[in-house]
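According to TrEMBL, the transmembrane segment annotation covers A:26-51, A:72-103, A:115-135, A:147-165, A:185-207, A:236-255, A:291-315, A:321-343. If you look up TrEMBL, you'll see A:345-369 marked as region 'Disordered'. Look at TrEMBL and you will find A:352-369 tagged as compositional bias 'Polar residues'.
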Amino acid sequence: MTPTTPAPSGASRGATVWREVTRHGLFWPVLALVVLLLACGVASPGFLDVTVRDGHLFGQLVDLLRNSATPLLLALGMCLVIATGGIDLSVGAVMAIGLAVSLTYLDNAADPSNVGTVVTAVLLGLAVGALGGAFNGAMVAGLGIQPFIATMILMVAGRGIAMLITQGQITTVTSAPFKTIGSGFVLGVPTPVVIAVAAFVVVSLAVRRTALGMFLESIGINREASRLAGVRSRRTTWTVYVIAGVLAALAGLVYGAPTMAADANNIGLMKELDAIMVVVLGGTKLDGGRFYLGGLLVGAMLLSTLERAVIIFQLPSQTTPLFKAIVLIAVCVAASPTLRAMLRGRRRADRSNTPAAPVETTSAAEVTA
Amino acid sequence: MSAASPAPADPAPSGSTPTGSTPTGPAPTVTPPVVQMTGISIAFPGVKALDDVGFRLFPGEVHALMGENGAGKSTLIKALTGVYAIDSGRIEVDGTDLRFDGPSQAQAAGISTVYQEVNLCANLTVAENVMLGHEVRRGPFIDWRATRRRAAEFLARLNLDVDPRSMLSSHTIAVQQLCAIARALVVDAKVLILDEPTSSLDNAEVAELFRVVRRLKDDGVAILFVSHFLDQIYEISDRVTVLRNGRFVGEHRIEDLPRRELIAAMIGRSGDALAGIEEKARSTITIHSERETPFLTAVGLGKNGSIQPFDVNLYAGEILGVAGLLGSGRTEMARLLSGADRPDTGDVHVQSSLTRLTSPLAALAHGIAYSTEDRKKEGIVGDLTVRENIALAMQARRGTWRRIPRRQLDDVVARYITALQINPPNPNALIRNLSGGNQQKVLLARWLATAPRLLILDEPTRGIDVGAKAEIQKLVTELAQDGMSVVFISSELEEVLRLSQRLVVMRDRRKVDDLVNADDVTTSTILETIAATVPQSGAHA
């Protein structure tokens, strides 16, 4: 078989490179991010400045990174779940449960500021997240319930559970080591950023350095064929929901640590939708199969930049969801294969409508393509 | 995108030359062709699927489209039905230049397709399927009674006696296909494309289908017929167009093209070479003595509603052929032996030790590999690459955490791509872009890469061309000679007889015979066994 891509020659090389770049899944999200950052920089001088104060990085960009940590943690788990063809709507509720458990434990502990106590509190929170994920996974992989419905159970019930744990109160505690998780620094970098990046690296390695990633994709594309090929599709699917649960609980701790208030009704509210949005912005399709972890970094940054931009441009903060929707639509439309096919089809039609000089038209089409 | 066609298609002075790109032979009738395709090119990433191909179809003829896997038959059909956009060339239907943006325009132009995998809605009734989009209306509502009556009329024209109110899924594939043809009548098709319609049908059903096809032909419908069964091609076709490697090879009247020349045109080498492979396969029969320990023994293995308890012994180095009609329990047997289904009764002994094959993975761990009948649904993982598809079972056996080192995997993949002549030989190609035969080869590679001791092949040659079929048969023979135990399931009795040393005959989800494939065993003796007590589901019309 002959390769179909013609060798780029002279003038058309730039066009070819450009086409390759624009065709990359992350082109439009990255473009949106850069444009948004520059716009913020123009509207608010000093936005792009990063300074070092007391050995810590400061500046609005650093805050952006810090705010990206929660959506990134959630999206990491969500992306793996989506790869198997599922979805996890419960992550927001699991955030609340995880935080409620950790803070309630600290509240009842003799010395909330003891590092050992805090470590136990964190582990307890994560364990509860794992438990929630295990429940989701059992419903989906064990009983074969549709993921949307199965995880909706915990999404709805989860806040009630968190409320039971905090006994209807907004539990507040004071614990310096715990607060560090949300507002401290490690080597000058905000702790949430370090945690999120570490989680990203761990998940990436776990997925791409083992066969897990391939199995997730193959389950998402053709579950029965994968099972017959020997893939433990149930167990793998279950594992992924557990991972998503742990990451959601971790996100809850990171998100709630600065205020140290377990507000069962509001922690992580609608965050599951943010997570799904980050996954989609990152170029992973919701119908499962191929997934792209790298895109999550861009997606999470885009999301938090957008939230900040609404404030910078002095728009009412209630309108934030509207702008999220606009960016989501823009990126999805730009990346839509149907739209691309339509554009390509039109070019092709242009080309064939002038059959008198086929060679000329072809090369012209190549350049404008 | 692909380069422009090298030259405008000039009508060559001579008849259909092997190198020409356009059919130019004498028209079978004075009427102009209903479909004329010229200079069609289509390229996919990494594959040039069609290269300057011409094709024409006249009213009232059955035209066979022949070629090996990957020759471009399916692509040509998809171009004609508007599924694929063409890169260059033109499609004329009834003298009008058509440019399809999707399948609906092709349908509007009077082109209907009946696929190998029936593309109807199994969860709707027969009447709903036949009349879909053409329901009889009364005001804004559908007059269901009249709709059913109309559907019954069309079904009656095909001599098909089924209840229009019954669910489509309750019927055999053959009846479903005839329903699809009835649907083509409803839309008043001028062109009917039959893509591998016979691969799941038994002989009686094929005869029934051909009766319908002849009738439509007499009504002036142009029929494009694709099949890998040469007998059927010669039985039903008037003319034949041959493609090879995405190029037009020739257009002939069927009586002008003897079989051997047809095959030679398809594979691009002399027919004699092929005859050698076909003959060689009826291999040295080494009969295993009773004393020898089987690799696998099943005793009273059965599953309610699936297959009656059966006993079977599988020996190393032996090909066990499984004969029987579609739905006779062949696949069900394979599924129990491979851990795909869990049995309700019975035991399996692998190398004399009692074993529970609780999952495909458990079977794989015992060296049992199962290549399924349904390539698309249970075989390939479409959006993964050839490399990943080959790696899947081997990796599953190693577990999630011990990933196969990349270099080792590349070696394995390269070896199988060469050994099985997988085309295109590109490990990064997505498997869904490969032709059916090449997908089958990738799946074989997947199982062979696990170094199985028992290989269960369910319809490994269905829907693939003569050349690839012979290659796979030869491979199976060699594997058995090297000591592998093989279970070979096929609807083609000749193939089963040629390859196997021992035969199991299935009927009505029950094992009815187990015999050595001696010289006195012929297709007719097997057919007699299969038909000993005529199953109720034998005839549908």
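Just so it is clear, glycine is given a Cβ too, placed from its N, Cα and C backbone atoms.
What TrEMBL says about a protein is an automatic prediction, not a curated fact.
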Candidates A:26-51, A:72-103, A:185-207; stretch with most C-beta pairs under 8 Å toward the transmembrane segment (A:321-343): A:26-51
Close approaches to the transmembrane segment (A:236-255) from elsewhere in its chain (Cβ under 8 angstroms; 6 or more beyond its ends): 69-70, 73-74, 76-78, 80-81, 83-84, 86, 88, 90-92, 94-99, 102, 122, 125-126, 128-134, 136-138, 140-142, 151, 181-182, 191-192, 195-196, 199, 203, 212, 215-216, 219, 267-268, 271
Remote residues contacting the transmembrane segment (A:147-165) - C-beta distance under 8 A, at least 6 residues beyond either end: 81, 85-90, 92-94, 96-97, 99-101, 104, 132, 135-136, 139-140, 241, 262, 264-265, 267, 272
For the transmembrane segment (A:72-103), sequence-distant contacts whose Cβ falls under 8 Å of one of its Cβ atoms, 6 or more beyond its ends: 121-122, 124-126, 128-129, 132-133, 136, 140, 147-148, 151-159, 161-162, 165-166, 171-173, 178, 195-196, 199-200, 203, 207, 213, 216-217, 219-220, 223, 236-237, 240-241, 243-256, 260-265, 267-272, 274-276, 278-279, 282, 284, 286-293, 296-297, 299-300
Tertiary contacts of the transmembrane segment (A:185-207), as residues 6+ beyond its ends and Cβ separation under 8 Å: 52, 55-57, 62, 65-66, 68-70, 72-73, 76, 80, 213, 216, 243, 247, 250, 254, 293, 296-297, 300
